[in-house]
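The structure under discussion appears below in the form of structure tokens.
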Amino acid sequence: MKKISDYSLLFKINSPEDLRKLAIEQVEQVCKELREYIIEVLSENPGHLGSNLGTVELTVALHYVFNTPYDRIVWDVGHQAYGHKILTERRESFHTLRKLGGISGFPNPQESEYDAFIAGHASNSISAALGMAIASWLKGENRKIVAIIGDGSITGGLAFEGLNNVSSNPNDLLIVLNDNNMAIDRSVGGLSQSLIKITTSYTYNTIRFKLYNFLKKYSIIKERERGFILRFTNSLKALLTKQHNIFEGLNIRYFGPIDGHNIKELVKVFEDIKSMKGPKLLHVCTVKGKGFGPAENKADVWHAPGKFNPETGERIKVWSENLPSLYQDVFGHTLVELARMNNNIVGVTPAMSSGCSMTFLMKEMPHRTFDVGIAEGHAITFAAGLAKEGMIPFCNVYSSFMQRAYDNIIHDAVLQNLNMILCLDRAGLVGEDGVTHHGVLDLAYLRCIPNITITAPLNEKDLRNLMFTAIQPNAKGVFVIRYPKGYGELKNWEYSFEALPVGKGRKLKEGKEIAVVSIGTIGNLARKAIRLVEKLGISVAHYDMIYLKPIDEELLHEIGKNYRCVVVIEDGTIKGGLGTAVIEFMVQNGYDPKIKQIGVPDEFIPHGTIAELYKLCGMDIKSIVKCLIEEK
């Protein structure tokens, strides 16, 4: 553990205003201390390490040059903004990162005025920043707006929509492309470096601006010809450097690439271009995990490594060999098995192949596995195209990210009754990633769609069997399987496949007084709670629906006829999910049991451990037991 004296400059910075008082030589030391502080805190309190080590100098330079919070910094995704949080009045609370009641792991305007726009999902920064920049222009403000987007996020469709619109409106937006994967070709040679110095210089841009105004004043060019002039100058630059890029084709002035870890160069370039008129993009090259050897060498492993020894780089294992398998690994291994059985099966995922374990199929059958990048809507429509031609796509998307592809599901898949499987990983409350990542809306927003099958397994065996069921001839149309992140319930799950009848649930336990109706893995908590209340003499039946749609009406008739009290338990929002379906059925069929709903309340849930959030929402075992006792 480092002492306060080890952070002689960083711990004196309580806001960017303090940072801006320092000499540039001192700012280099701030970068060193900031990187060390991030490593120290994250070694004990896990979070996103690699991306934050890579943006230290960029973050410091932005706050050193721009007048935040008056000037706006809009982060894309936002998991790389820890340094930003530390410099913006949250250093002392940084140890509470991602903890219940602590600061978020992503920018959140409700947390700080320095967080200009919410982040968590990818590719929204350019559109948001453009709107803010135009608002600033309309109000006659001199506010600078900066969007920070990575080379992964910029592949998203929303980013391209924003880029396409940037030059259509008057604005001085600055886009910083944080390239940490060398996804875009590098400029080479001395001419390119000289051109960067020239095109960012005050003299060049003053002459450029005055020349344009002169031509316009004397009607030599008209406003509508401005784009032609800009394209001409961009073409000239491309001719000189033997390079051209999409940004200049969209009439966005392009600068770079520059070293994203050279703080002096970053500060100089930001100072030179911040007052330039018109939209511009600065291409900054960074190294993910910069300054921490293990993270630089294995960027994928150290993206979010958990606890580790900051001195040795050894990751600290917190799991036991005796734990069940991860649901993600069950999905991955089962998909490989099914693909061996059926040559038409393919895998599709939007940039989450490792997280969802589709890498298993990718390793064995790379020609039948498609990682389409950060493009959820494209992933669904691409899978629909595969299905249209007779393939059987398993499209795996995190539940919260599937929200971005809602229209694609309806228009491109369901309306055509295409046979495809949507696997919603990270369903339910996900824990420390918080409000932008909880997958609690899926049951509700999918249930209202006609001609769709929606399922949720109780355990790993069910997940395996539902994947098998989804490829059977009687499983027509879009087949949804939702399951949570993390460990399952069973140590042995690799049984022979068994198709689960579509639209049929099951009665897990007999009971006389109360009927518990559940769907998904939260049913395991319900089983434990029921065993506890049985010891108190309360007789509780338990029904696992398996299918939300089509729902098992035979089971619901049985429940309506035989129980005066029904407790519905689900790990999704209580508005529109299983509970709503049960209430609708009972009303429509003339049953009048008392119905109690346990699930995610009608509000956005913060970050914290899953256990803490279940307790917060009244979904933990203790809360379920209390409810059953009260309803006796």
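Each Cβ is built from the backbone N, Cα and C atoms, and glycine gets one as well.
The model shown is predicted, which means the values in this text are computed figures rather than measured ones.
G152 (thiamine diphosphate binding site) falls outside any helix or strand according to DSSP and counts as coil. Taking all protein chains in view, 20 other C-beta atoms sit within 10 angstroms of the C-beta of G152 (thiamine diphosphate binding site). Here Swiss-Prot flags H79, G120, H121, A122, G152, S153, N180, F292, E376 as thiamine diphosphate binding site, drawing on sequence analysis.
Annotated Mg(2+) binding site per Swiss-Prot: D151, N180, in sequence order. Cβ contacts within 10 Å of D151 (Mg(2+) binding site), excluding its own Cβ and spanning all protein chains shown: 17.
When the Cα positions of H79, G120, H121, A122, G152, S153, N180, F292, E376 are compared pair by pair, the longest gap among these thiamine diphosphate-binding residues is 32 Å.
Here the Cβ of H79 (thiamine diphosphate binding site) has 23 other Cβ atoms within 10 Å, regardless of which shown protein chain they belong to. Other Cβ atoms within 10 Å of the Cβ of H121 (thiamine diphosphate binding site), summed over all protein chains shown, number 22.
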